[in-house]
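A.B. asks: I'd like to ask you about the structure that follows.
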Amino acid sequence: MDDSFPRGPEWCSVSGSITTTPLLRPCDKCKQTKYKCEREPDSTECARCLWGGFPCIVSPRKPRRQQPRKARCALPEVTSQTETRACLCSPERRAVREATSRLHVLLAREREMRA
């Protein structure tokens, strides 16, 4: 953390005559140090940068990432895969799996008896 950056009440006006209004976006310095960024109505610098003698720079907002086209186009494919999986879980399919499982158990018992 930057020790030269003003903290707490020492950066405020002693007389209390300064009225600060919040910026739409914090300056880079306030954002970096996670302090509330406030500026006087007629000033282009926030109170902390003005008090500390720092350049008050507000970086432009990064553009939001769009969802990749591949992901948007994959929805029909995912839907068909879900439908296919639902068919695999049908009662008929479940009956086949249970019968196969019983058959494996019977074959294992038969092998044990022969051994």
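Each residue, glycine too, has its Cβ placed from N, Cα and C.
For 26-56, the entry in TrEMBL reads domain 'Zn(2)-C6 fungal-type'.
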A.B. asks: Would you mind splitting the domain 'Zn(2)-C6 fungal-type' (26-56) into helix, strand and coil residue counts from DSSP?
C.D. replies: 12 helix, 3 strand, 16 coil
A.B. asks: Could you please provide the mean pLDDT value for the domain 'Zn(2)-C6 fungal-type' (26-56)?
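C.D. replies: A mean pLDDT of 89 is what the model gives the domain 'Zn(2)-C6 fungal-type' (26-56).
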